[in-house]
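Everything below concerns the one structure shown next.
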């Protein structure tokens, strides 16, 4: 499927030209060249969007190269092509587009990550961002979806943050509120069972005890309603220790190596491992990533759902909802970029 949204031109060029619908499946001839043409107001793609080509029997993911990696509304003149596999027919899945839908509270929902999107990592939201959210909510419906528990969301967004949004999701949507009213929640303990939970926790504590890193503090495992949050340094570290571990982890891949070891150890449990923030990663059942929150949003409610997040690459905790065909994903790196991009989109 194609997760970016299109503006005026979209097409496939091969021996002949074909028009692509805004939704549905299109079967392309073997060896077709997919040309993404940009001239004037041709194609609008947010930065870093993936192009996903799904041949029968496998899924191949590519990242759109630099000529098309830019933030709208700037559209450079360019022409880029991608070869589809020659060995078999390919089905290209296109998500229904919503770019022609005028933004309104009834038609459009904008979902935000918290860390790195509405706030700096583990910092408190600024008055400017709160004012931006209030203004945006007068134009479209808004929601927030975080991987942390509700208490941490309250620390960052305020004790009454649920009232600031039409939808408020913590723990990827396992704890959910709509218009301030609590919705049905799910339980990791019930899903996995106590024996499997104990198996994961015992293994994790043993691994961390043997792990050689410069600093260790406390709260290495945090049990939440729908996930385990694991931090090699410990969540009790201070700000400078957090920043130092993030730099150390970039070089030594502490979290990535631990995730690989857990994948090998617990392959029978069908778990997902999602790296987010500076010091930790989440462990939860497959399907319990941030796309879980979409279960609480009836499909017919909105014609367009946008998501803004910072950890949008594969393995990041925003990746699944960013790439989901039900959303239009936008990758940002700071609250300032979030405000700027939304201002361009919605005024």
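Cβ coordinates are placed from backbone N, Cα and C, and glycine is handled just like the others.
These figures come from a predicted structure and were not determined experimentally.
Residue 113 (active site, nucleophile): 27 other CB atoms within 10 A of its CB, across all protein chains. Per TrEMBL, active site, nucleophile is recorded for 113.
According to its DSSP assignment, residue 115 (active site, proton donor/acceptor) is in a strand. The 10 Å shell around the Cβ of residue 115 (active site, proton donor/acceptor) contains 24 further Cβ atoms across the protein chains shown. The active site, proton donor/acceptor annotation in TrEMBL covers 115.
Taken from TrEMBL, the feature Mg(2+) binding site covers 113, 115, 310, 322, 324, 327.
Among the features that TrEMBL reports, alpha-D-mannose 1-phosphate binding site is placed at 122, 224, 235, 242, 280, 282. All protein chains considered, the CB of residue 282 (alpha-D-mannose 1-phosphate binding site) has 25 other CB atoms within 10 Å. Secondary structure at residue 282 (alpha-D-mannose 1-phosphate binding site), taken from DSSP and collapsed to helix, strand or coil, is strand.
Sequence annotations record features per position, and here TrEMBL assigns region 'Disordered' to 1-21.
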Which of the listed binding-site residues (280, 327) has the least company, meaning the fewest other Cβ atoms within 10 Å of its Cβ?
327
Three-class DSSP secondary structure - residue 324 (Mg(2+) binding site):
coil
Chain-internal residues near residue 242 (alpha-D-mannose 1-phosphate binding site), provided their CB is under 8 angstroms and they sit 6+ positions away:
122, 233, 278, 279
Out of 280, 322, 327, the binding-site residues in the record, which is closest to residue 113 (active site, nucleophile) when you go by Cα distance?
322
List nothing but the largest Cα to Cα distance in Å, as a whole number, among the residues 122, 224, 235, 242, 280, 282 that the record says bind alpha-D-mannose 1-phosphate.
21
What is the number of other Cβ atoms found within 10 Å of the Cβ of residue 324 (Mg(2+) binding site)?
19
